[in-house]
Structures are given as structure tokens and as C-alpha cells.
């Protein structure tokens, strides 16, 4: 069973359907006790950083999410679910993130020929932290975002993407995996990535 966090700002049904297509059941919840008891956890997200982290805190979900990550059980963040893991985001002001990873989230500042938001299919380049993800450099995933993460520790960068310059497309640290792109919208390669998450061994800390 995979648990998907509901804080009213994620494309929950499409994530749930993608999980179920990998042959694993998925539940959607905003209940802290269910999050704490989860076997595997997905934090999705679509929208603005400040609104999202505000909803997480308003619903008292910050501690159970951080405790889950610390437990060593498999965790997947998607889009805003990646960005909120960092210390600060600057979308519509300065907002404190979950602080699970050091670094911040900043806006694209690109030449006029590059449209923002970065929307559509783009290729990724695999780094050392992503070597065991079963992804090859040049694989395309679907992106929709105007901000990107800047990890303080470069060793957590699993995948990068080039859009007017290189940016972090995914991070990996132990049981934690998070992507800027949407695997649930990325057809076969995205579904394979989700299946890999759904079947990853659980190593509880």
C-alpha cells in the first residue's frame, strides 16, 4: 500500500492511478496517523510554494511527514513535493520549507526565447545519486514549473535537466527520492520510475 498525502494542492487522482497501474494499491489521506503508519509515502503538489507549505502546517502534517522520512521507509516527492523539502522558497515572498534538505527554491531567470513556466517534455542527465534508478541519460520526462531547487549538497542531485542552463530535476538521499518532473504524466518511463518506488525494499531506521 502506498499513501498519498492530501493537502488540497496535488493532482491526487492521476498520481493514484499511476501507482495502481504499477500493481500496487494507493490511498489518499490527510490524516496524520495514517501518514505515520504508511509503508510508502508520496507527497505530490501543484501550485505555489507558500500556499502549499501553509496548508501542510495548517493541517499539522509537517511532523508526520518529516518523521516518516526519518524512519527510512520509501518516500517520493513530486514537483512541489520536491520543492517543499528544502529550507526556503521565494515564490510570492520568502517561505520556510520543511528543511529536510539544505538549499532553496528560486525562479527561472532566462533569456526571452525560453518560456516560463518550463512546460513540456525534456531530457534528463543521470548523476551519481541517480545511478540505480534504472533511468538512462536522455530519457524524457514531463515538466511544469517556474521555480527550481538549488541543493546545498550537490551529492543529492540524482538527475539534471537543461533549460537555458542546467538545473536539478531530481534528488536522492537514502530512502528519499523527489522529482521536479511529473512521473505520473511521463508515460512509460514515468510509470516505470513509480513502479520502482512501489517495489523498493523497505529498510526501516
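Cβ atoms are placed via backbone N, Cα and C, with glycine included.
Over in Swiss-Prot, the protein carries these features:
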ACT_SITE  79  active site, nucleophile
ACT_SITE  182  active site
ACT_SITE  184  active site
DOMAIN    1-205  domain 'Glutamine amidotransferase type-1'
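Per-residue pLDDT, averaged along the domain 'Glutamine amidotransferase type-1' (1-205), amounts to 94 for this model. Within 10 Å of the C-beta of residue 182 (active site) there are 21 other C-beta atoms, taking all protein chains into account. Taking all protein chains in view, 27 other C-beta atoms sit within 10 angstroms of the C-beta of residue 79 (active site, nucleophile).
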